[in-house]
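*Asks:* Sharing a structure with you now.
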């Protein structure tokens, strides 16, 4: 028979849930501008070069953490950023493409295959799996514009959706059968 969570544990879960929701609302609410012209002036003009350097996605701080090679050593920190305190801790990896706007996107990578126990903060609980949470981010890819007689006149911005992993979440395992 399972014990009911104590008031302190329950409020910790609610607090963690609210922090994750706030983080996701912040990141998902920062879409790129969709009203840019489809073809920009030539590369020599300042405005196009400024656009290529401008990123509309908030840049999370890079963590020095590396993926845990030993799953039994997965831990949830007591302080620090949300990604290290979560019961499904993650780190960020840079994805840079110089022909994409924004050029820099950060992808979450789960540090543990299972969730960290809320009771100990250090041992993994096999009743929960750490899985990535994704968002489709609007990005623009730079493509050459064709001028008169096949000459290149600047470049065009091609709008696409790009799948970005935002965070890791603790989920119940799927039951096949």
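Cβ atoms here come from the backbone N, Cα and C positions, even for glycine.
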*Asks:* Could you check which of 34-57, 58-81, 82-105 is flagged in Swiss-Prot as region 'Disordered'?
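*Replies:* So the range that Swiss-Prot calls region 'Disordered' is 58-81.
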*Asks:* Using C-alpha atoms, which one of the disulfide-bonded residues 110, 115, 168, 170 comes nearest to residue 136 (N-linked glycosylation site)?
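*Replies:* Checked the disulfide-bonded residues 110, 115, 168, 170; minimum Cα distance to residue 136 (N-linked glycosylation site) goes to 168.
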*Asks:* Quick one: pull the CA-CA distance for residue 168 (disulfide bond) versus residue 115 (disulfide bond), whole Å only.
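*Replies:* The Cα atom of residue 168 (disulfide bond) is 10 Å away from the Cα atom of residue 115 (disulfide bond).
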*Asks:* What's the CA to CA span in angstrom from residue 110 (disulfide bond) over to residue 170 (disulfide bond)?
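*Replies:* Residue 110 (disulfide bond) to residue 170 (disulfide bond), Cα-Cα distance: 10 Å.
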*Asks:* What does DSSP assign residue 115 (disulfide bond), in three states?
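*Replies:* It is in a strand.
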*Asks:* Sequence gap of 6 or more, C-beta under 8 Å: which same-chain residues meet both conditions with respect to residue 115 (disulfide bond)?
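*Replies:* Residues satisfying the criterion: 87, 88, 124, 125, 127, 128, 129, 130, 170.
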*Asks:* Count the other Cβ atoms sitting within 10 Å of the Cβ of residue 168 (disulfide bond), across every protein chain shown.
*Replies:* 25
